[in-house]
Amino acid sequence: MGALAAAPALAAPPPAEEPRPGARTRARALLRPAPAVLTVLLLALPGDRWTVAGGQVAPADVASLGLLVCCGVLLARGERPRVSGRAAAVLAAPAVAFAVATAASGDPLAGLPGFARLLQVFVLVPLAVLLLLRDRRDARVLAWALVAIALVQGAVGVAQHVTRTGASYLGQDVRAVGTFGPLNVMSMATVVSFGLVAAVCLALAPPRHIGRAWRWVALGCAAGLAAPLAFSFSRGAWLATGAAVVSVVVSAVVAAGLRIARRTLLLALLCGAVLAGGVAFGSGMVGERLGSIGEVTGTPDQSVVDRYAMWDAALSMWRQEPWTGTGPRGFAEHRDAHASLALSSGSDTGGAGHGFMRQELESPHNMYLLVAGEHGLLGVAALVGGWAVLLVGCLGALRAARAPDVGLVATGLLVWTLANFLYADIGGPTTVLTAVAFGLAAWWAFAPGARAEGRGAW
C-alpha cells in the first residue's frame, strides 16, 4: 500500500488548446458588421419582390429585419452602446411626426403600412447600424460591401447595354438596370452611385496602415463604375454623384491638406476617361441625355411635365393640410384631386426581359415635397431638420479626423441622398440602402466609436 501511495500520480491529459484571444477577437470583429453587410449584398438578387400589406418587400428588406433582430439581441445581452442625446433626438423626432400624421389622417389603419415603412427607413435601420458599428474598421467593411454590390450590378448593367438586353430607352433596349428590371430603373443607378462615391472616399484619405494596393483598387473601382452609371441614363443620379464627389473631395482637402491633390487629380482623370469612353461608346445617347439636363425647362418632354404636375399636386396637398398632411401613402389617393390635366396616366416601361408595361405615377419624385404633402410642416421640421443636423455633425467630425476615409463615405452618401431627394423619393428595392446610408451618417456624426480605429488589415 505504501508503495502504491508513493507511486506518482498519472499525468493529466494536456488541456485542449484554446483559440488565441487575438484570433477570437478578429473573428468577432469580422462578424460584427455582418448583418449590415448582408443587407447590402442581398441587393444582388433579382428585383422580384413580394406584395405585403399593399407594399413591395425585397430580399434586402427581409435582411434588414434580421439587422433589427441582431440589434435587439445586442441590447438584450446588456451590450448597450451609448447613444448621445442628439442622436436620440434626430431618430426619435421623425417617429413622433410620422405617428401624429398617421393618427390625423382620414384612415389611420390604411396608413399603418406606410408608417411602418417610414419607421424602417428613417428610424429603425439607421438606429441598428448606429448601434452595430463599433469602430472605423466595421464601417470600412460596410463601405467595401457597397463597392462590391455596385461592381456586380454595374457589370450586369454594362452587359445589358452592350448586348441590348436592358430596359427600353428611346425605342432601344440599352438602358442599364442591373437585376432590378425596367420597373425600377433608378435602382441600379443608386447602387452604382453609392459604390462609386464609397470607392472615391476610400481612395482619397485612407489610414496609414492600409496598403497602397488597396488605394489603387479603390481608384480602379471608382473609374470602372463610371461606365454603368453613364449607361443608366439617369440624370438625377449623375447630378447627385457629381455633388457628392465634389463635396467629399473638398472635405478631404480641408481635412487632410493638399497631400491628396495628386491622388484626386488621378482619380478625376480616370473617371473622366471612362465616362468619356462611355459617352462615345453609347452612340451619342449618353451625350444627348447629358446635354438635356440644361434643356428640360425649355422644351420639356412628357416625363418632365408629369414631374412638375406631381410637384404642384404635392404642394396643393400641403396647402390643404399644412400641419400634418394627408398621412402616409396619401399622395396616390389624393393625387387626382390635386393634379392638373397635364399629368399623364403613367410612364411606359419595358425591356430587360419584360414586355411593355404602364407604370402608375404614385409619388411626386421629390422627397421633400412628398414629406410636405403627406406629413405637413411637422414632418418637414422633424425629418429635414434631422438631416441638417446629421450633415453638420458629419462635416464637424471630418475636421477632427486624421484619416477620414469612412467619414468621407458617410458624408458623401448623405450628400448624395439629400441631393437625389430633389428629384426622387424612397421606393423600390434599394430603399433599404438609403436607410443604411442614414445609419452610417448617424454613426459618423454621433458615435464615439467613429473616432476609434479597429484592429485588422482594413
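Cβ coordinates are placed from backbone N, Cα and C, and glycine is handled just like the others.
Predicted automatically and left uncurated, TrEMBL annotations should be read as such.
Per TrEMBL, the features are as follows:
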- 1-25: region 'Disordered' (REGION)
- 1-10: compositional bias 'Low complexity' (COMPBIAS)
- 29-45: transmembrane segment (TRANSMEM)
- 57-76: transmembrane segment (TRANSMEM)
- 88-106: transmembrane segment (TRANSMEM)
- 118-134: transmembrane segment (TRANSMEM)
- 141-163: transmembrane segment (TRANSMEM)
- 183-206: transmembrane segment (TRANSMEM)
- 213-231: transmembrane segment (TRANSMEM)
- 227-383: domain 'O-antigen ligase-related' (DOMAIN)
- 237-258: transmembrane segment (TRANSMEM)
- 265-286: transmembrane segment (TRANSMEM)
- 377-398: transmembrane segment (TRANSMEM)
- 405-424: transmembrane segment (TRANSMEM)
- 430-447: transmembrane segment (TRANSMEM)
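Averaged over the domain 'O-antigen ligase-related' (227-383), the predicted model has a pLDDT of 76. Same-chain residues lying 6 or more positions outside the transmembrane segment (183-206) and placing a CB less than 8 Å from one of its CB atoms are 43, 47, 140, 143-144, 146-151, 153-154, 156-157, 167, 175-177, 214-216, 218-219, 221-222, 225-226, 228-229, 232, 234, 236-237, 240-241, 244-245, 248-249, 252, 255-256, 260, 263-264, 267, 349, 354, 357, 359, 403-406, 408-409, 412-413, 416, 420, 424, 428-430, 433, 437. The largest share of C-beta pairs under 8 angstroms with the transmembrane segment (88-106) comes from 377-398, of the ranges 57-76, 141-163, 237-258, 377-398, 405-424. When Cβ-Cβ distances under 8 Å to the transmembrane segment (118-134) are tallied for each of 57-76, 141-163, 405-424, the top count falls to 57-76. The listed stretches are 57-76, 237-258, 430-447; of these, 430-447 has the most Cβ pairs under 8 Å to the transmembrane segment (377-398). For the transmembrane segment (141-163), the list of distant contacts is 30, 33, 36-37, 40-41, 43-44, 129, 133, 173-180, 188, 191-196, 198-199, 201-202, 218, 221, 224-225, 227-229, 231-232, 282, 352, 405-406, 409, 436, 440, 458: same-chain residues at least six beyond its ends, Cβ to Cβ under 8 Å. Residues 136, 139-140, 143, 146, 186, 190, 193-194, 197-198, 200-202, 204-207, 210, 236-237, 239-241, 243-245, 247-248, 251-252, 255, 307, 365-368, 387, 390-391, 394-395, 397-398, 434, 437-438, 440-441, 443-445, 450 of the same chain lie 6+ residues outside the transmembrane segment (405-424) yet bring a C-beta within less than 8 angstroms of a C-beta in it. Remote same-chain residues near the transmembrane segment (237-258) are listed as 186, 189-190, 192-193, 196-197, 200-201, 204-205, 229-230, 264, 290, 293, 395, 398-399, 401-404, 407-408, 411-413, 415-417, 419-420, 423 (criterion: CB distance under 8 Å, separation of at least six residues from the stretch ends).
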